[in-house]
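My questions will all concern the structure given below.
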Amino acid sequence: MKSIFLVFFAVCLVKAEAGKGRKREPNIINPPCRECYVQDSSGNCVYDKWGCGGARKREPNIINPPCRECYVQDSSGNCVYDKWGCGGARKREPNIINPPCRECYVQDSSGNCVYDKWGCGGARKREPNIINPPCRECYVQDSSGNCVYHKWGCGGARK
């Protein structure tokens, strides 16, 4: 029994030593598609009903984009790795909020934030004091009245 254990232990040590010299590759998921999706020949994520239970289950709502965490869908529909969304060294600017108006405001056709009384209770409530500028947190109103992202007001590194 001891000899079997010693042989097993020796084999494990040899395998461990052999694996030490290998170069570690980053954790790139290939394909980068979510569960129930596979990557086709052109790199797009397509739904794989057989990988998700086939005819026994209904096809779930299609996830758009169907990319896994840490991936974003580019303009051609491919899932590409987004290192900043996955703990990259620099902090990314947040996704731009569109429209960037505060609660009770909507963006008109020219991009200005205007008060929407119906979105805030309509005739039942008084119109609150107008917030000037009516932009959300991290946004400021420029000279033409549009809300633009202000990275310094959102924790950006100061000079």
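Easy rule for this one: first residue shown is 1, then count along the chain.
Each residue, glycine too, has its Cβ placed from N, Cα and C.
This is the feature table in Swiss-Prot:
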DISULFID  Cys33-Cys45  disulfide bond
DISULFID  Cys36-Cys52  disulfide bond
DISULFID  Cys67-Cys79  disulfide bond
DISULFID  Cys70-Cys86  disulfide bond
DISULFID  Cys101-Cys113  disulfide bond
DISULFID  Cys104-Cys120  disulfide bond
DISULFID  Cys135-Cys147  disulfide bond
DISULFID  Cys138-Cys154  disulfide bond
SIGNAL    1-18  signal peptide
Which secondary structure state does DSSP assign to Cys79 (disulfide bond), in the simple three-class scheme?
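DSSP assigns Cys79 (disulfide bond) to strand.
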Give the distance between the Cα atoms of Cys135 (disulfide bond) and Cys101 (disulfide bond), rounded to the nearest whole Å.
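So the alpha carbons of Cys135 (disulfide bond) and Cys101 (disulfide bond) sit roughly 5 Å from each other.
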Counting other Cβ atoms within 10 Å of each residue's Cβ, which of the disulfide-bonded residues Cys79, Cys104, Cys135, Cys147 comes out lowest?
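It is Cys104 that, of the disulfide-bonded residues Cys79, Cys104, Cys135, Cys147, has the fewest other Cβ atoms within 10 Å.
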Sort out for me which one of Cys33, Cys70 has the most neighbouring CB atoms within 10 A, since those are the disulfide-bonded residues we care about.
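Result of the Cβ crowding comparison: Cys33.
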If you draw a 10 Å sphere around the Cβ of Cys86 (disulfide bond), how many other Cβ atoms fall inside it, taking every protein chain shown into account?
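There are 11 such Cβ atoms around Cys86 (disulfide bond).
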Mind giving me a neighbour count for Cys45 (disulfide bond)? Other Cβ atoms within 10 Å of its Cβ, every protein chain shown.
24
Starting from the Cβ of Cys67 (disulfide bond), draw a 10 Å sphere and report how many other Cβ atoms land inside it.
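Cys67 (disulfide bond): 24 neighbouring Cβ atoms within 10 Å.
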